[in-house]
């Protein structure tokens, strides 16, 4: 399968501070990669590298031709005094045709919001509008920076359901950044745990194995949410230095 984007041993420094060290990953059509990590781990920098906004100091980046990327930012800052409907907000995107706006909103089950004020939207509604905006250029790769931030668990289930539907319909790759270190989208193909370098990687454990979780959030939640169990051979001290766990050596 041809990669959309691949990073090989990428490192990024800002001044004397090493933010990313020897990071490798591969984004493929129809596959979901979820990136986890604590605050300050370099997740946002890695996203900017994938988007082509940051040039690494070391390593190799390969992109598939004129790659179309749809991006959903972590936060949206709007002037609350500026009257702005969803329709007008989406038309601010360069190259957008007005006849494409309603179909994009309907695709994310948000057609009814077309004339709603942006400032009045809930967290989940805002994420759907931003996702519709990302779909306007028919992306081959969706980059979602903490798409479930500020959304409750039921909203997360609905968003994950929608993301899974879109990746199947579009056969697009998905890079998803998560602020939750353990609860991830169950249908993620690969999870990477980042703390300036790749600490560990693997697949999520589907929560359908946990009856207590099913009783709390229902079978639909169990289908869309998964637990990722970390398997680090080290920890990081307060200065960010690697401290190997007992029984492991640096080799």
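Using the three backbone atoms N, Cα and C, a Cβ is placed for every residue, glycine included.
So that you can see what the record holds, here are the features copied from Swiss-Prot:
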- 5-220: domain 'ABC transporter' (DOMAIN)
- 37, 38, 39, 40, 41, 42, 43, 44: ATP binding site (BINDING)
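What surrounds the ATP site, by Cβ distance within 8 Å of the Cβ centroid and not counting 37, 38, 39, 40, 41, 42, 43, 44, is the set 194, 195 from the same chain. Secondary structure at residue 42 (ATP binding site), as computed by DSSP, is coil. DSSP assigns residue 37 (ATP binding site) to coil in the three-state reduction, outside any helix or strand.
Considering other CB atoms within 10 Å as the measure, the emptiest surroundings among the binding-site residues 39, 44 are those of 39. Cβ neighbour count for residue 43 (ATP binding site) (all protein chains, 10 Å cutoff from its Cβ): 23.
Every protein chain shown contributes to the tally, and the Cβ of residue 41 (ATP binding site) ends up with 21 other Cβ atoms within 10 Å.
Local packing around the binding-site residues 40, 42 was summarised as the count of other Cβ atoms within 10 Å of each Cβ; on this measure the leading residue is 42. Just so you know, the Cβ of residue 38 (ATP binding site) picks up 13 other Cβ atoms within 10 Å once every protein chain is counted.
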